[in-house]
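What TrEMBL records for 46-272 is domain 'Radical SAM core'. Per TrEMBL, [4Fe-4S] cluster binding site is recorded for CYS60, CYS64, CYS67. Per TrEMBL, the feature (3R)-3-methyl-D-ornithine binding site maps to SER137. According to TrEMBL, the feature S-adenosyl-L-methionine binding site maps to GLU162, ARG184.
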Amino acid sequence: MKTVTEIVNQQLFSAEDLRVLLTAKGRDRELLFAKAREVKESVTGKKVYFRGLVEFSNVCSKDCLYCGIRKSNGKVVRYNATDEEILEACRFAWEKRFGSVVLQSGELESKSFVQRVDKLVKKIKQLSNNELGITLSCGEQSQETYLRWFESGAHRYLLRIEASNRELYYKIHPDTPKHSFEKRVEALQFLREAGYQLGTGVMIGLPFQTSDDLVNDLLFFKKIDIDMCGMGPYIEHEHTPLYQFRHLLQPKMDRFHLALNMIAVLRLLMPDINIAAATALQAIDPAGREKALTVGANVIMPNLTPCEYRKEYLLYEDKPCLDEDAALCRNCLEARIELAGSEIGYDEWGDSKHFFSRQ
Ligand code: 5AD
Ligand code: FES
């Protein structure tokens, strides 16, 4: 059998190689992390890019079994931030020289929602003299909507596949035809064709998920040739149906370590993509996101959601930064990133190098 040292120095990886890396522990894990860091620094550089995250609405038409803001969770107070509040958060990001913002929300397909996002994208472009990059994360939409938002100025889109194993996907999204694996994959294709830098990702440590599923998630990312990835540990939420399967879960710390391994392995598999240090990592370890930056991630998303709404955007338990205001969050991130030995890419969009090498 090949050693981890041999595998990390390859350019191509078989499914078996990926499985070995994903399950690496102790000294082997250290070797994996060191190599991922080296590859990140030599390929994408030492810089870490900020994306100011604005979770502008928690109203959602879907019912994912794991998600705290699912439609059927009656315990959530639904909110819609006003345009002024959203633009204010984006202005803050621009003034603080963040390269870009991410507008994220629950999923709605109504005309008024589509129009609203469109208008917001245009206004963010205006307020920043076209300087702020805009990522959208507003779920599955029609091809026409994706095109429209792209033409208005959004240039990246995050749509996690959540689980690339169709069977597992339906275990956690059983409500068909509202949820459709085929439609989700098709949506990724539409986004690619519309011209976006394409981001996807999965949850790590889900009940019923195996390490082969995670290997196949990595191969899925490679196959559809993503530009960006955001993936983090699954964290249970009491007011969701998946909570009943918590006895099947690995301990939180194991899910955390597995998520770090996934990030490191993905960095080796796709050296020039952008990889985000997911917020969910910080729900388990207070320094979780910074640890991710040392093992291959190069993007971090400080939360700029207006404080009064944050406690209603609880996708999972122990979500961090509930009472930090945006300025405080930024200062603490800055210190932490320096601790993690990286520099901050101010004023830059920090685009995925992979995207341009595909053009
Ligand atoms: N644990 C971890 N991540 C979650 N998400 C939703 N619910 C949870 C949870 N319970 C993630 C999904 C979604 C992203 C916005 O948040 O992957 O795509
Ligand atoms: Fe809103 Fe999953 S619950 S998209």
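Using the three backbone atoms N, Cα and C, a Cβ is placed for every residue, glycine included.
Curation does not apply to TrEMBL; its annotations are automatic.
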Measure from the Cα of CYS60 ([4Fe-4S] cluster binding site) to the Cα of every one of the binding-site residues SER137, GLU162, ARG184, then give the nearest.
SER137
Taking Cα atoms as reference points, rank the binding-site residues SER137, GLU162, ARG184 by distance from CYS67 ([4Fe-4S] cluster binding site) and give the first.
GLU162
Quick note, GLU162 (S-adenosyl-L-methionine binding site) and CYS64 ([4Fe-4S] cluster binding site): C-alpha atoms separated, nearest Å, by 10
Are any of the binding-site residues CYS60, CYS67, ARG184 near ligand 1, with a Cβ under 6 Å from it, and if so which?
CYS67
Using C-alpha atoms only, work out the spacing between ARG184 (S-adenosyl-L-methionine binding site) and CYS64 ([4Fe-4S] cluster binding site) and round it to an integer in Å.
13
Which binding-site residues from the set CYS67, SER137, ARG184 have a C-beta atom lying less than 6 Å away from ligand 2?
CYS67
Per-region confidence, the domain 'Radical SAM core' (46-272) (mean pLDDT, whole number)
97
CYS64 ([4Fe-4S] cluster binding site) and SER137 ((3R)-3-methyl-D-ornithine binding site), distance between Cα atoms, whole Å:
16
Under a three-state reading of DSSP, tell me whether ARG184 (S-adenosyl-L-methionine binding site) is helix, strand or coil.
helix
Chain-mates of CYS60, CYS64, CYS67 with C-beta within 8 Å of site centroid, [4Fe-4S] cluster:
LYS62, ASP63, TYR66, GLY68, ILE69, ARG70, LYS71, GLY106, GLU107, LEU315
Same-chain residues at least 6 apart in sequence whose Cβ lies under 8 Å from CYS64 ([4Fe-4S] cluster binding site):
ARG70, GLU162, ILE172, HIS173, HIS179
Cβ atoms near SER137 ((3R)-3-methyl-D-ornithine binding site) (within 10 Å, other residues, all chains)
19
All chains considered, the count of other Cβ atoms within 10 Å of the Cβ of CYS60 ([4Fe-4S] cluster binding site) is 20
